[in-house]
Amino acid sequence: MNQNFTDHVAEAIQAAFAEAQRLNHTEVTENHLLWAFLKDKEGYFYSLLNGLGTNPQKLFQETENNIHHLPTYSGGGQAPNPSRSLQSRIVDAQNIAQSWKDTYTSSDHFLISYWKNGGDPFASWKKKTTISLEKLEEQIKKIRGDRHMDSPSSESNLQALEKYCKNLTDLARQGKLDPVIGRDEEIRRTMQVLCRRTKNNPMLIGDPGVGKTAIAEGLAQRIVQQDIPDSLKNKQLLALDMGSLIAGTKYRGEFEERLKGILQDIEKSEGQIILFIDEVHTLIGAGATDGAMDAANLLKPALARGILHCIGATTLNEYQKYIEKDAALERRFQLVLVNEPTIEDSIAILRGLRERYEIYHGVHITESAIHAAVLLSSRYITDRRLPDKAIDLIDESASLIRMQLGSRPLPIDNKERELAGLIVEQEAMKRESTPLAKNEVEKLEGRIAQIKEELKILREQWDQEKKIIESLKEKKDKLEKLRFEEEAAERKADYNRVAELRYNLIPQLQKEIEEAQTQLNNKPNRLLQEEVDESLIAQIVSKWTGIPVHKMLEGEAERLLHLENELEKRVVGQEIAVSAVSEAIRRSRSGLSDPNRPMGVFLFLGPTGVGKTELAKALAFQLFNQDEALIRLDMSEYMEKHTVSKLIGSPPGYIGYEEGGQLTEALRRRPYAVVLFDEIEKAHPDVFNILLQVFDDGRLTDSKGRVVNCKNALFIMTSNIGSDLLLEKMEQNKQGLAKDEIMLVLDPVIKKHFRPEFINRLDDILPFVPLREHDMEKIVVIQLNLLAKRLKDRDVELMWTPQALAHLAKEGYDPHFGARPLKRYIQQEVINQLSTAILEGKIPPHSHIKLELEGNTIRFKSFAGGKN
């Protein structure tokens with residue numbers, strides 16, 4: 001027997017033998033083979049019968065019935081032999097293949113053989129159809145074209161466009177594509193390139209998420225609506241699926257054959273097909289194994305001759321990396337730049353998509369949610385592009401509401417938990433026989449009955465609200481279908497149906513939706529929330545970015561107005577610095593500062609221990625509600641030239657290149673942060689060169705060429721240069737100095753240490769004055785409050801007398817070293833005593849401790865269980 005079968009036929013024969021053996025049949029008949037052909041619903045045999053308008057599924061069932069009634073044998077393990085009917089069927093199919101000048105016998109040869117002289121059940125099934133042999137052969141020739149079965153995989157490459165492409169025009173006709181809002185200029189430019197005589201292949205280039213694929217979908221929708229030039233009318237726009245094209249290509253040459261099949265089908269269409277290739281850079285190297293040609297080289301001749309109309313889409317980085325290197329491929333495409341839409345355009349895009357997301361999730365998306373999604377994503381999610389990031393926010397917020405709609409409302413959940421607890425308590429009380437227990441049982445019964453009644457009312461309300469929401473979802477779904485039907489009727493010029501839909505059915509349904517929405521909104525104390533609003537959008541943004549939700553909405557203005565008060569709770573005696581920093585943050589948040597510069601750039605100058613680093617920490621907490629928002633870089637680590645590259649990452653070829661820079665990576669992950677350069681005077685001069693572009697343009701390029709946005713960060717540098725001069729001046733003037741007087745002292749030192757271009761880029765140089773004696777008591781209170789907080793975790797309350805407070809402030813004061821000696825003094829005099837007493841068991845839980853001054857020593861008194 002000639003073994004030249006296509007892969008599909010070989011697989012069918014194997015499946016027929018395997019099924020016969022499984023059923024313990026003595027031989028493999030032609031019906032086993034027919035069963036194997038029909039079992040593969042994606043196969044060529046099945047699709048041929050389907051394309052003729054017959055019912056191949058019914059034939060499959062009849063064939064399966066037939067083979068299950070064949071005689072079996074009891075002995076296992078014996079391989080069945082091919083029957084005479086199967087052998088003659090194979091020979092007949094091979095003769096047909098030979099007469100058609102095909103090298104390989106394929107499924108269609110077997111189908112013709114069955115059609116000519118197949119036995120039951122095929123023969124009886126064929127009689128019920130009205131299909132002639134001539135019609136079958138015509139259908140085969142239509143699918144095949146001028147192709148012959150000249151390789152084992154030839155059958156797989158028939159109808160290649162249907163297998164490896166997605167028809168965007170069909171999807172647009174069925175209303176399955178999202179509406180494309182705006183982008184008229186880009187779609188017009190794409191059509192302009194497609195209408196050219198040569199190089200009529202547009203290449204859509206833009207950042208990820210700006211809507212390149214949407215432009216192709218918009219073009220498909222315009223083709224369906226006939227809103228295009230005459231030369232593009234009735235064209236088919238197909239999207240190539242590279243994944244399915246490559247998948248399963250085990251042997252060399254299979255991939256090329258599939259691609260050749262696609263190109264032949266496109267050539268056969270005589271210019272009626274436009275191919276859209278998303279992520280077009282994947283063509284470079286695709287399918288190239290052991291010296292085989294890649295997809296790009298196979299496409300070049302078709303692109304050059306104008307056989308293939310192609311729209312490519314890729315990002316600028318990938319275009320430069322892959323396509324620009326291949327000059328022959330590059331010149332066959334014409335670039336169409338797709339820029340990120342503006343805030344206004346993004347809002348319009350989201351308005352257009354709102355109804356689709358409302359219908360899908362069964363929720364209501366407010367106008368404020370759309371504005372919040374665009375504005376908050378634009379401001380806080382800096383590493384992604386509009387409109388993609390704003391659409392994702394709306395989608396995730398709507399899915400959260402939908403998830404909540406499907407679960408029990410909190411009031412019902414709380415009541416059910418309370419009821420379960422009371423029932424357990426009642427059962428326990430029933431075991432007691434005392435009069436008090438009986439009285440308690442009666443009380444519990446009354447409370448249980450009351451909660452059951454409340455639960456009944458709540459469940460009824462929940463059911464009603466669920467029904468209204470489900471009804472709204474169904475009505476909105478129906479409205480979308482009616483609108484789609486209206487468009488289809490208008491295209492077919494069925495104006496009677498258009499009038500009925502436009503002036504009767506659609507307005508009536510819209511009125512029903514409005515009434516249901518009003519009924520839902522007017523319900524008092526609603527259990528279910530089906531509205532996506534700005535607060536929910538802000539909540540999702542906070543989950544993505546880690547920036548607290550309440551820091552983004554109305555409360556922010558109130559908080560910024562009182563920023564000084566909050567900062568002074570942690571930083572004492574530095575009114576000048578606190579005020580200047582607060583003003584800079586208010587300027588930035590109100591939108592009046594330069595949008596292309598960081599939020600603020602400050603140099604804090606002053607002696608050690610006066611609150612420079614503490615103010616940076618306090619700012620991080622106030623602005624972002626967490627101390628983790630402080631990116632702290634100790635400049636003593638960047639004193640040598642070779643360490644400077646750690647800020648932006650090692651250059652290519654050096655160890656650490658893949659890891660990125662310590663500053664750039666931290667800012668990429670957390671663009672909203674306070675960046676603290678501690679002891680900046682110790683940094684190598686090259687560090688200042690890097691910081692110049694950051695302070696001036698709010699951007700920093702890392703070693704990989706990625707631009708990091710620094711516009712939302714607050715940069716603080718600390719230094720103690722000139723602090724000895726400042727201390728001398730303060731000792732001479734006990735009343736304190738104004739900022740101008742302090743700067744007169746520090747100016748010469750600053751100019752000596754820092755270059756003019758660096759000083760010129762600072763928003764302000766803020767002097768921190770040495771702490772005065774009267775500041776120390778406030779710092780003692782802050783330190784003791786922190787200690788009290790730690791003791792409260794052990795259920796111990798701490799108090800102190802004014803005398804103890806004054807003594808700690810006096811003894812811990814050192815103008816040269818700031819607040820740090822005070823912290824050490826409290827540790828020695830107070831914390832050491834308390835820790836020893838706790839370990840000895842002298843301070844049990846629920847104690848109250850009072851710090852008192854005895855002579856010149858701090859002592860504590862412990863009052864267990866109550867205050868003194």
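Cβ coordinates come from backbone N, Cα and C, glycine included.
For reference, Swiss-Prot has these:
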type	residues	note
DOMAIN	1-146	domain 'Clp R'
REGION	5-70	region 'Repeat 1'
REGION	159-340	region 'NBD1'
BINDING	Gly206, Asp207, Pro208, Gly209, Val210, Gly211, Lys212, Thr213	ATP 1 binding site
COILED	391-525	coiled coil
REGION	556-770	region 'NBD2'
BINDING	Gly606, Pro607, Thr608, Gly609, Val610, Gly611, Lys612, Thr613	ATP 2 binding site
REGION	771-868	region 'C-terminal'
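Annotated features, which come from Swiss-Prot, shown on the structure.
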residue	record	Cβ within 10 Å
Gly206	ATP 1 binding site	21
Gly209	ATP 1 binding site	17
Lys212	ATP 1 binding site	24
Thr213	ATP 1 binding site	16
Gly606	ATP 2 binding site	27
Pro607	ATP 2 binding site	21
Gly609	ATP 2 binding site	22
Val610	ATP 2 binding site	29
Lys612	ATP 2 binding site	28
Thr613	ATP 2 binding site	19
Comparing the binding-site residues Asp207, Val210, Gly211, Thr608, Gly611, which residue's C-beta has the most other C-beta atoms within 10 angstroms in this structure? Gly211
Thr613 (ATP 2 binding site) and Pro208 (ATP 1 binding site), Cα-Cα, nearest whole angstrom: 39
Helix, strand and coil counts within the domain 'Clp R' (1-146) (DSSP): 92 helix, 8 strand, 46 coil
Other CB atoms, at most 10 A from the CB of Pro208 (ATP 1 binding site): 13
For Gly211 (ATP 1 binding site), the three-state class that DSSP assigns: coil
Between the C-alpha atoms of Gly611 (ATP 2 binding site) and Asp207 (ATP 1 binding site), the distance in angstrom, to the nearest integer, is 44
Neighbours of the ATP 2 site Gly606, Pro607, Thr608, Gly609, Val610, Gly611, Lys612, Thr613: Cβ within 8 Å of the Cβ centroid, same chain, sequence order. Phe604, Glu614, Thr718, Asn720, Phe768, Gly818, Ala819
In the same chain, which residues outside the set Gly206, Asp207, Pro208, Gly209, Val210, Gly211, Lys212, Thr213 have their CB within 8 A of the centroid of the CB atoms that define the ATP 1 site? Thr315, Val338, Glu340, Arg385, Asp388
Treating G and I as helix alongside H, and B as strand alongside E, what does DSSP give for the region 'C-terminal' (771-868) in helix, strand and coil? 51 helix, 23 strand, 24 coil
Going by DSSP, give the three-state secondary structure for Gly611 (ATP 2 binding site). coil
Given Gly209 (ATP 1 binding site) and Thr613 (ATP 2 binding site), what distance in Å do their CA atoms have, once rounded to a whole number? 40
